[in-house]
Amino acid sequence: MSQGRTLTFNIFRFDPQQPGDKPKMVSYQLDETPGMTVFIALNRLREEQDSSLQFDFVCRAGICGSCAMVINGMPTLACRTLTSKFSDATITLMPLPGFELIGDLSVNTGKFMREIAERLKLWLHPRGDGQDIHVLEAPMDPEEAARLYELERCVECGVCVSACATKQMRETFVGAVGLMKIARFELDSRDARSVDDFYHVIGNQDGVFGCMTLLGCQDNCPKDLPHMQQIAYLRRKMSATLVSC
Amino acid sequence: MTTKTYVPNPVSPRVLGHHWSAKADRLQSATGVLMGVFLLFHLHFESSILLGKDAFYHVVHFLEGSIFSDDGKGFPIITQIISVFMLAVFVLHALTALRRFPTQLGQWRALQSSLNTIRHSDTRIWYFQLLTGAALFFLVPVHLFEMIQAPNIGPNMSAERVYHDNTWVLYALLLPAVVVHAVFGLYRVAVKWGLTFQRHKLRRFAHGLMIYLMVLGIASLMCYLLIGSELTLPVTPYSPS
């Protein structure tokens with residue numbers, strides 16, 4: 001029973017906009033309430049103890065991916081992490097590594113996601129020269145739609161990027177989110193790009209062949225996306241294509 | 001309000017290369033699997049000393065092709081040929097694996113920072129593979145050159161080498177490094193290419209296999225040391241009674 005505990009939060013504090021500020025860990029105490037998530041705790045800390053505490057949130061329901069941070073060494077979403085799962089009542093919060101720090105626990109994942117989308121061309125390239133908006137769209141096979149939906153569940157929280165030591169070591173590596181999104185368009189029958197075209201952007205050391213299978217993406221993804229299977233699929237398919245050419 | 005529209009570039013119909021990335025990845029996995037499987041056999045063959053001098057004697061002579069030789073002692077050159085072949089495989093593996101090695105101080109710092117911030121067992125396992133891989137880069141050629149130069153394998157000659165020539169130091173370093181590197185390397189190849197999605201079961205099996213191979217290797221090394229300590233110099237090759 002977690003009710004009645006006093007939780008200790010050790011939180012990374014640093015504001016790059018504040019001249020002379022230095023990174024530090026600051027401790028806060030808070031009484032635990034039933035069903036408390038780390039997100040709820042952070043809001044209470046900001047309302048009751050320190051209004052300067054910076055962290056991101058939008059949906060509070062694990063949909064927007066904004067509140068991702070490192071909680072006791074695990075990169076995950078604060079809104080989906082119950083404080084009761086930590087038996088020792090001490091919770092350490094760090095910002096996601098590998099992103100531009102906005103302040104405290106807030107990082108700029110949006111900038112990263114936009115750059116990776118532009119670099120890998122992560123949008124649908126429709127078949128045909130002209131698109132007539134008055135013509136009904138061709139129906140999609142329900143099984144294909146289900147497969148696409150499975151990969152489309154990515155909320156771009158950035159957890160897979162932070163959990164990947166390969167990405168931390170190699171700035172140019174596209175990471176699991178890039179590979180997952182490429183796999184999504186590769187499966188889409190409406191997309192005009194061929195296998196070779198997809199592989200042109202990720203068939204190298206910065207793409208699928210740069211992945212060292214550390215599986216931080218697979219083990220930490222808050223949406224349980226099948227990163228391991230998708231990367232293995234891309235690796236096999238691309239390897240077969242490129243070796244034979 | 002202004003919006004920026006991204007117009008996709010015409011898709012190139014050509015594949016502009018990168019085939020060496022795919023080939024290097026395949027080669028690294030293939031050479032790794034070859035050496036990993038070789039190690040499994042190697043450790044079991046050399047640990048036949050635990051069953052007695054006769055057992056090891058017969059294993060060695062069988063593997064050196066005793067059934068094809070007139071005197072029934074086989075051809076030691078087979079050991080040399082296999083050693084040269086394994087050295088070539090090792091060099092290929094090292095060359096392809098070096099792509100993964102952090103070569104800049106910044107990369108090492110990023111790795112240490114990631115290990116300190118994120119708790120993740122598979123990343124730690126890979127880190128051990130990285131360290132053992134670096135150790136093997138220096139240790140394996142010593143062992144292979146030794147086998148190429150003087151392939152005197154047998155209950156007494158091997159024991160002499162281990163005890164009197166102090167190669168036990170090499171083996172004491174080589175054994176844990178090669179077992180950790182090979183077992184988790186085989187595990188990683190299986191998940192990397194999607195040969196299995198039962199990852200957690202496979203990892204448990206890998207941990208068990210690692211302990212088993214370590215016990216087997218340490219026991220046989222102790223056995224060689226014991227036999228070596230009982231030998232008087234100059235040592236004569238063992239012959240079954």
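Going from the start of the chain as shown, residues are counted 1 onward.
Backbone N, Cα and C atoms are what each Cβ position is placed from, and that goes for glycine too.
Look at TrEMBL and you will find B:27-45 (among others) tagged as transmembrane segment.
Annotated transmembrane segment per TrEMBL: B:77-98 (among others), in sequence order.
Under the heading transmembrane segment, TrEMBL lists B:125-148 (among others).
For B:168-189 (among others), the entry in TrEMBL reads transmembrane segment.
According to TrEMBL, the feature transmembrane segment maps to B:209-227 (among others).
Residues 29, 32-33, 35-36, 39-40, 43, 125-126, 128-129, 132-133, 135-136, 139-140, 142-143, 162, 195, 202-203, 206, 209-210, 213-214, 217-218, 221, 224-225 of the same chain lie 6 or more positions beyond the ends of the transmembrane segment (B:168-189) yet place their CB under 8 Å from a CB of it. For the transmembrane segment (B:209-227), the list of distant contacts is 40, 43-44, 46-47, 49-50, 53, 155-156, 158-159, 162-163, 168, 171-172, 175-176, 179-180, 183-184: same-chain residues at least six beyond its ends, Cβ to Cβ under 8 Å.
Here the transmembrane segment (B:125-148) has long-range neighbours at 79-80, 83-84, 86-87, 90, 94, 97, 100-102, 111, 115, 161, 167, 170, 173-174, 176-178, 180-181, 184-185, 188, meaning same-chain residues at least 6 beyond its ends whose C-beta is under 8 angstroms from one of its own.
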